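Novice: Before we start, here is the structure in question, set down as structure tokens.
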Amino acid sequence: MYLYNTLSREKELLCPQENQRISMYCCGPTVYNYAHIGNLRTYIFEDIIHRVLAVAGYGVTHVVNITDVGHLTSDGDDGEDKVITAARQRGMSVSEIADMFTEAFLQDCHALNIIPADQYPRATAYIDDIIQFISDLEARGYTYIANGNLYFDTSKDSTYGAMRGYRDGDRAYARVEADTGKKHPNDFVLWFTNSKFVDHAMHWSSPWGDGYPGWHIECSAITHATLGERFDIHCGGIDHISVHHTNEMAQNYGRCGHVGARYWVHGEFLIIGKDQKMSKSDSNFLTLSKLADDGFAPLVYRYFVLQSHYRKPLTFHYEALTAAKQALNRLRIRCQGLLSVEAAKSERTQEWIAKGMQSVCDDFNTPETLATVWQALKSNELNESEKRTIVMHFEQILALDLFTVDTPDNESHQDDEPWIDQKIRERNQARRNKDFQQADQIRQELLSKGIILVDTANGTTWRRED
């Protein structure tokens with residue numbers, strides 16, 4: 001199995017630390033608002049990684065953190081804590097806000113058929129681990145105090161900025177507010193004391209004063225506490241590369257002498273409008289519930305996402321989502337027709353599955369996986385039982401409920417050409433089996449929907465009733 005490692009900028013062979021078990025950490029949501037569908041694209045691609053690993057025979061230990069403190073209104077050290085801002089705006093407590101949006105996030109994941117993580121650790125539950133991690137950095141000479149806050153000194157890390165591809169003194173810190181007390185522009189806060197945001201709703205005692213942690217230190221402390229100093233895969237969005245993951249690596253290197261994860265894997269943006277990434281801070285975002293209100297079920301969005309490779313930007317527009325909805329409906333109708341036969345393995349199914357797995361195990365190529373399913377269903381060399389076997393295998397990865405047809409009340413799948421073609425195939429099979437009663441029932445079912453069958457020497461055709 002190969003995956004693209006952002007750190008090396010190459011596809012690498014997956015070599016787990018522990019035989020047949022993968023440890024995977026994914027940066028989870030900051031729970032101050034509903035996840036937008038750009039966020040959810042990232043969690044879908046991480047779910048694909050989880051599913052491919054499982055189908056390939058690996059056990060997976062999967063951790064997704066919940067950021068409920070310390071993530072300010074930029075990815076750097078400027079602005080106010082996002083969770084506290086949301087609590088004030090909604091007239092709720094910080095814990096109520098965090099609980100509400102954590103639950104909403106988990107519901108979205110469930111609706112998208114995302115496998116639950118083994119753990120969803122909250123940052124506020126790991127304050128002791130965070131303080132210990134910072135203390136270890138301090139003991140190794142990686143910290144200093146400025147303006148009452150404890151900073152990480154990036155000049156102490158000779159590898160700093162390696163993943164993002166540029167070094168100290170250039171655009172690396174463009175998104176971080178300049179603080180005249182910092183020694184270097186890239187330095188970042190490990191612990192805010194009460195010198196910043198005196199009325200901060202969440203604070204804890206520490207060796208550096210009463211305060212709260214920075215965002216980046218949370219992930220380092222949580223990965224060490226849940227997965228250990230070394231683990232296999234660290235996932236996130238491409239926007240994490242320049243600041244958050246770069247700083248997380250620096251913290252890990254400062255404490256342990258290595259960056260923690262062996263593979264750093266990042267998903268690309270969902271683009272909306274004029275080449276603009278979807279973003280809550282820019283108020284140009286859509287939620288899963290908004291798509292549902294517009295008539296698009298969650299798994300329609302999942303299908304839409306899986307049509308594109310996770311490392312390619314994906315442009316969102318409703319025309320494309322409508323096409324995905326129609327394609328998924330056709331696919332489900334065709335797969336529903338396979339429920340009348342038993343799955344059967346053969347040399348042909350093994351060949352098809354091996355070919356499809358080769359594609360999806362090459363950096364999680366879901367467009368090729370979808371293509372394999374469609375090609376199998378259209379193949380003349382496979383019988384229906386073999387087709388069911390192949391589709392069932394890849395449904396473990398795609399998770400699109402392919403054997404379920406779920407159409408809104410205002411739609412009629414009976415008026416869909418793939419459904420009609422499937423009914424004709426079922427009738428032809430009934431006639432071959434000399435089950436003429438079943439064949440007549442299918443003809444009547446189609447006729448009740450305005451579909452007239454015409455049997456000819458070359459097979460059965462159909463037309464709509466005038």
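Each residue, glycine too, has its Cβ placed from N, Cα and C.
When I checked TrEMBL for this same protein, it listed these features:
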{"type": "DOMAIN", "residues": "16-325", "note": "domain 'tRNA synthetases class I catalytic'"}
{"type": "BINDING", "residues": "CYS27, CYS219, HIS244, GLU248", "note": "Zn(2+) binding site"}
{"type": "MOTIF", "residues": "29-39", "note": "motif ''HIGH' region'"}
{"type": "MOTIF", "residues": "277-281", "note": "motif ''KMSKS' region'"}
{"type": "BINDING", "residues": "LYS280", "note": "ATP binding site"}
{"type": "DOMAIN", "residues": "424-463", "note": "domain 'Cysteinyl-tRNA ligase anticodon binding'"}
Novice: Out of CYS27, CYS219, which of the binding-site residues has the smallest number of neighbouring Cβ atoms within 10 Å?
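Specialist: Result for the binding-site residues CYS27, CYS219: minimum number of other Cβ atoms within 10 Å at CYS27.
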Novice: If you run through the motif ''HIGH' region' (29-39) with DSSP, how many residues end up as helix, strand and coil?
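Specialist: The breakdown for the motif ''HIGH' region' (29-39) reads 3 helix, 2 strand, 6 coil.
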Novice: List, in sequence order, the residues of the same chain other than CYS27, CYS219, HIS244, GLU248 whose Cβ lies within 8 Å of the centroid of the Cβ atoms of the recorded Zn(2+) site.
Specialist: TRP215, HIS216, GLU218, SER220, HIS234, GLY236, HIS240, HIS245, ASN247
Novice: For the domain 'tRNA synthetases class I catalytic' (16-325), provide the mean pLDDT of the predicted model.
Specialist: 88
Novice: DSSP says what for the domain 'Cysteinyl-tRNA ligase anticodon binding' (424-463): how many helix, strand, coil residues?
Specialist: 22 helix, 11 strand, 7 coil
